[in-house]
Amino acid sequence: MSGNFQLPEPLSARRIVVAMSGGVDSSVTAALALKSGAEVIGVTLRLYDHGEAVGRKGACCAGQDIRDAAAVADRLGFAHHVIDHESAFRQSVVEQFADEYLAGRTPIPCVRCNMGPKFTDLFAIARDLGADCLATGHYVRRVEGAQGAEMHRAIDPARDQSYFLFATTRAQLEFLRFPLGGMPKADVRAIASSLGLGVAAKPDSQDICFVPDGDYAGIVTKVRPGAVHEGAIVDLEGRELGRHRGIIHYTVGQRRGLEIGGMAEPLYVVRIDAAKNEVIVGPRAALAVSSARLSGINRLATAEEWGALGPLTAKVRSMAKPAPARLDGDRLVFDTPEYGVSPGQAAVLYADDRVVAGGWIEETASAFQG
Ligand SMILES: Nc1ncnc2c1ncn2[C@@H]1O[C@H](COP(=O)(O)OP(=O)(O)OP(=O)(O)O)[C@@H](O)[C@H]1O
């Protein structure tokens, strides 16, 4: 293999399975794995048949991406397998995504995908192939701590994907490698060009891979036809202020697109009541939340470490600023009221740069005294 670059961190393994999506990140991950001297086997999961199941052409994990991954394997000289996962992906990710919206929640399918097809299944495949580890192109760092592997934010804050990986178990983390977590994206592209990889300038994947044009409502209606109904937009006292086109078009904290004019102050979506098919709106102050109940809590710090972690911060949306908080049983308690906390999103707790726990937001306790 030509190309003059340094390994960001040692990858001491004899055989590495690399999860390849056909993009520049996982291609460079494979190149780094090869450079470390290991035998590399690339695996690509075909997640859906583009243009068919969810009505989008040219999205990731489909035709062109599979050809790109195969071309990289061919150029660098390692084996590459494509495994059909369409029905598993559709069931565990796409349908769940639609059902979450219909339940009035705001889902994050990327986490479900990481937990389901990507990790659980790729793990089984990697073990079957006799690999010592599974490497992916995620931007997150795996740090060897005193009590085992730890997950830390990527050094490039704009690229950090730790929020989406909170559900990775400690056992999975032991087997995973993320060689890009310590690198800026520019270096990743430079390595790809130095190796003459066709994907060097391939654009980054945007948004949710099966909804690249942003039309998530279109996916919901395709997956669950006839399930979306118009209904009432009501204020905090239950008075109807207008009509909505279906609760799936709304998310907690949303202000735009409510189409209710003539109000003295701007109104925001405060809650979505799926049972009543209602969108409840109120002033910004009504978005203030003092705590949230979490489900599916995954702790990445041991019980022994927990007491000595120091102050924690929680991120309640992928783009949110981490806010001081603590975990009390299954309740995430904010030091000061937090805004725009939506059921269905993840709450991820950090001690400095380390991910120490995370869970799904189920319900919130209002801090509003209106
Ligand atoms: N269909 C797939 N098959 C195998 N691995 C995948 C697949 N999709 C994603 N991955 C793995 O998960 C990582 C993160 O995926 P994500 O979609 O967040 O990143 P990306 O920016 O699209 O990465 P890339 O540039 O490698 O496409 C990828 O780098 C790859 O290792």
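One is the number of the first residue shown, and numbering goes on along the chain from there.
Every residue gets a Cβ built from N, Cα and C, even glycine.
Feature annotations, reproduced from TrEMBL:
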- Cys209: active site, cysteine persulfide intermediate (ACT_SITE)
- Ala19, Met20, Ser21, Gly22, Gly23, Val24, Asp25, Ser26, Leu45, Gly137: ATP binding site (BINDING)
- 309-361: domain 'tRNA-specific 2-thiouridylase MnmA-like C-terminal' (DOMAIN)
- His138: site 'Interaction with tRNA' (SITE)
- Gln345: site 'Interaction with tRNA' (SITE)
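Between the alpha carbons (Cα) of Asp25 (ATP binding site) and His138 (site 'Interaction with tRNA') lies a span of roughly 8 Å. Cys209 (active site, cysteine persulfide intermediate) carries neither a helix nor a strand DSSP state and counts as coil.
Ser21 (ATP binding site) and His138 (site 'Interaction with tRNA') have their C-alpha atoms 11 Å apart, to the nearest angstrom. For the pair Ala19 (ATP binding site) and Cys209 (active site, cysteine persulfide intermediate), the C-alpha distance works out to 16 angstrom. The C-beta environment of His138 (site 'Interaction with tRNA'), restricted to residues of the same chain at least 6 apart in sequence and closer than 8 Å, consists of Asp25, Gln161, Phe164, Leu165, Phe178, Leu180, Gly181. Each residue contributes its Cα atom, and for Leu45 (ATP binding site) and Gln345 (site 'Interaction with tRNA') these two points are 25 Å apart. All protein chains considered, the CB of Ala19 (ATP binding site) has 24 other CB atoms within 10 Å. Mean pLDDT for the domain 'tRNA-specific 2-thiouridylase MnmA-like C-terminal' (309-361) in this predicted model: 96. Residue counts for the domain 'tRNA-specific 2-thiouridylase MnmA-like C-terminal' (309-361) under DSSP, helix first, then strand, then coil, are 0 helix, 32 strand, 21 coil.
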